[in-house]
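Asks: Below you'll find the structure I mean.
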Amino acid sequence: MSAGQAPKEIGEISFGLMDPEEYRDMSATKVITADTYDDDGFPIDMGLMDPRLGVIDPGLECKTCGQRSGGCNGHFGHIELAAPVIHVGFSKLIRRLLRGTCRECASLLLTEEEKDEYRENLDRTRSLRQDVSDVMTAAIREARKKDHCPHCGEVQYDVKHEKPTTYYEVQQVLASDYSERIAASMQPDEDEDDAGVSPQELAEQTDIDISRINEILSGEFRPRREDREAIETAIGADLTTEDMNKLMPSDIRDWFEDIPGEDLEALGVNSDRSRPEWMILTVLPVPPVTARPSITLDNGQRSEDDLTHKLVDIIRINQRFMENREAGAPQLIIEDLWELLQYHVTTFMDNEISGTPPARHRSGRPLKTLSQRLKGKEGRFRGSLSGKRVNFSARTVISPDPTLSLNEVGVPDRVATEMTQTMVVNEQNLERARRYVRNGPEGHPGANYVTRPDGRRVRVTEKVCEELAERVEPGWEVQRHLIDGDIIIFNRQPSLHRMSIMAHEVVVMPYKTFRLNTVVCPPYNADFDGDEMNMHALQNEEARAEARVLMRVQEQILSPRFGENIIGAIQDHISGTYLLTNDNPRFNETQASDLLRQTRIDELPAAAGTDEDGDQYWTGHQIFSELLPDDLSLEFTGTTGDTVVIEDGQLLEGTIADDEVGEYGSEIVDTITKVHGNTRARIFINEVASLAMRSIMHFGFSIGIDDETVSTEARERIDEAIQSAYDRVQELIETYENGDLESLPGRTVDETLEMKIMQTLGKARDSAGDVAEENFDEDNPAVVMANSGARGSMLNLTQMAGCVGQQAVRGERINRGYEDRTLSHFAPNDLSSEAHGFVENSYTSGLTPKEFFFHAMGGREGLVDTAVRTSKSGYLQRRLINALSELETQYDGTVRDTSDTIVQFEFGEDGTSPVQVSSNEEVDIDVEHVADRILNSEFDSDTQKAEFLEVEEPPTNLSEHGAAWEVESDD
């Protein structure tokens, strides 16, 4: 846009086809030679690297615009094709038009009344802002039904499309063996008691003279169309064969040139902007050099872009075509060269068309042509526009650090010195800015660059840092290192929801990994088995302010998906709070102080009592209560099934475990967040994590093989339960083989047998689990983890200690394998438990080779299912994001798209954020408390609050209302 020119608002954008003349007009040069560079290494004129198409080499000037490399965006050229070729992108549309228009007069095969009706449909569709392609499809479908042109009366033939770019006109003609077909159909058929048809009878049925029938039967006369159809009807024979006439691109172009413009308008095509003959190319645009740059290899040779390779092929075949045609070569050679030219133009457009061999390098690698540059994950749209590589980002492995706040992230010092934030120098921060510059790029906190007021950027080095520091004045900008407290954005892929990218505060730390508090793992779906995460350093104050207010971790404690907390205590934290509060253990003063020393609590509450020795003690409930807000009152059923009672910030009853403080909807965290705010919730979660870690270290908590080993007596009871199940299964099999097994309603006998065997073996596993569970104490580490909800379940413990159980594929016992048996270790048609995937061993005792094989079969199904679901859900999510990305909630509360169409009159139909709604019927939000908290944060005095609430001040003098006021005051 030139200076002083006012910007204009775009009313609409319409797409159309380009006229060959437009290709020529925008072209900087005609390309006629396939050579690129001369012997001296300079681009050849009218070649594919002509300087008029743009320049990529430093020092050269573009001969079209005069700009140097970097300033010139490049210019198109063109190739004059020796013969028309079909644009493969329009092959389906070409087929539709060939089938819907007359082969003689090229008019649309619809009557004038039908055309008017479709024009009205188009106007109505456009006024409703709907897609007009459905109307066009309906018009072509209607036109295809006509076998005669309603305008010129010409007979119409079907058009067959042989992908990608070959078209045939299919005509039904009289078969060469028509007389034999008639004679064969007239013969008697003994199987169907058919006496056959004599020539005299055929003549009577068809009203054809008997002499003519005899001439037809002898092959002396070829019947006309009316006679042929009459004979076919009489004897039920087909006397025709398909005659396929290939339509050359030049024929199709001539056909389309004759289509009237008003007929195109009935199909929704603007004939001024898009003529159908332009889909058959006579001129091929050549992309600018900047779109297909060549590179220089280490040995000095140039390597050309894939598009340039393809254009070389097109020019060479084009030249051969012209030379052979001018030399009068046979038609067969001309058609072969034409097909070859069509192939090269097709693969230049798209090198992944099914049924067409891809163009390849000498190495065998397929060329990456125009379509491949645009589509797919690595293409222009998804790879370069929607997502791209950015500066000011870092990526490394993550490690856990429970000493950090959930708002913080540990950043390696090496990253902190490489990443910078822009600091605008003023009077207040001048000395600090100079100190950063003086420290240089190596010292931390230092600076890497400074920007002068005139916009010039100067790199800070060890040599010039002292001098630069003295020159820094207000108005300069310093690109300083990241320091503690800086706000950055942290992300883990795949980014499936909003909380996959959140803002953290920097804590610069040694070593090379990002450090993260474990309570922040659930929203990122992160673990520490090698996961990597991305960090982005924000570059301006607006971005940093928005991130701090909207994206900080403490603002994401409640999930917008289900309205409950997604951040909370996990795994070891839950085991720690369980040990601290289960059975309400007692602690002496030293132990109680040690438990609370990493929290903000600086003094112990009053002791709960004294023991037999007269020493004071504090309880687990009492210590946990120190973390709760003073006015918190709750009562609900907890993880372990007992009732949790909290009154005025004191835990009176219950055990604190997953449902109380864990992630994904715990009562205490959810309530504190909604009633007391995100800051108080963040403090609570941090302190619960610290207290839980101290508790788990106090009690001691470890797990090993011995913790899952059952006693000899328990092992014998488990073996008895499994043997009893085996005996029951054998009885079922014998009953089935004797034919005495009754089928269940709606089931076959085979299905009934399988169901009963599965039920029997399922009960055996449950019995083994019950025995194993009885064998373990309540303080067993695996039992603690299962009961508290920290990790795993009693089923996992059952399989570790008792019996793994039946392995299933697609919900059934394992039946696949060899013929009539699952493995070669079993007899054919063996229906026993062992032969169909029952694993009687536990993980502790170890699986036999046969059991291991069956177990792997069951596990594979889970892996495959996970992979399939991941790819499907990822594709669906991307489709939804693309479809919904333009929707936006406006200031009037409506949800609208970019064309201002109202999608919802109120966001979510109720105008309510899930974060603000209580999802638990048992726990109501204390609305008054929330209102008081908001008012206290907004107003400094009670007078301001009263003005806001429009509460009238009580009278201050004892007038007529004085007595009434005194009474009210006494109350």
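Every residue, even glycine, has its Cβ placed from backbone N, Cα and C.
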Asks: With Swiss-Prot as the source, identify the stretch among 185-204, 425-444, 905-924 annotated region 'Disordered'.
Replies: 185-204
Asks: So which range, 300-320, 342-362, 951-971, gets flagged region 'Disordered' in Swiss-Prot?
Replies: 951-971
Asks: Looking at the binding-site residues listed here (Cys65, His75, Cys105), whose Cα lies nearest to that of Asp529 (Mg(2+) binding site)?
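Replies: Checking each of Cys65, His75, Cys105 against Asp529 (Mg(2+) binding site), the shortest Cα distance is to His75.
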Asks: Within 10 Å of each Cβ, count the other Cβ atoms, then let me know which of the binding-site residues Asp527, Asp529, Asp531 comes out lowest.
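Replies: Candidates: the binding-site residues Asp527, Asp529, Asp531. Fewest Cβ atoms within 10 Å: Asp529.
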Asks: Where His75 (Zn(2+) 1 binding site) and Cys149 (Zn(2+) 2 binding site) are concerned, what is their Cα separation in Å, rounded?
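Replies: His75 (Zn(2+) 1 binding site) to Cys149 (Zn(2+) 2 binding site), Cα-Cα distance: 46 Å.
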Asks: Residues near the Mg(2+) site, Asp527, Asp529, Asp531 excluded, by Cβ within 8 Å of the Cβ center?
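Replies: For the Mg(2+) site the neighbour list reads Ile398, Ala526, Phe528, Gly530.
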Asks: With an 8 Å cut-off on Cβ distance to the Cys102, Cys105, Cys149, Cys152 Cβ center, who else from the chain surrounds the Zn(2+) 2 site?
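Replies: Along the chain, the qualifying residues are Arg103, Glu104, Ala106, Ser107, Leu109, Pro150, His151, Gly153, Glu154.
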Asks: Sequence gap of 6 or more, C-beta under 8 Å: which same-chain residues meet both conditions with respect to Cys102 (Zn(2+) 2 binding site)?
Replies: Leu108, Leu109, Cys149, His151, Cys152, Glu154, Gln156
Asks: Excluding Cys62, Cys65, Cys72, His75, please set out which residues of the same chain place their CB within 8 Å of the center of the CB atoms of the Zn(2+) 1 site, keeping sequence order.
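Replies: Neighbours within 8 Å of the Cβ centroid, excluding Cys62, Cys65, Cys72, His75: Ala28, Arg52, Leu53, Gly54, Val55, Lys63, Thr64, Gly66, Gln67, Asn73, Gly74.
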Asks: Taking the Cβ of Cys65 (Zn(2+) 1 binding site) as centre, how many other Cβ atoms lie within 10 Å?
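Replies: There are 16 of them.
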Asks: Using the alpha carbons only, what distance in Å do you get between Cys65 (Zn(2+) 1 binding site) and Asp531 (Mg(2+) binding site) once rounded?
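Replies: Between the Cα atoms of Cys65 (Zn(2+) 1 binding site) and Asp531 (Mg(2+) binding site), the distance comes to 50 Å.
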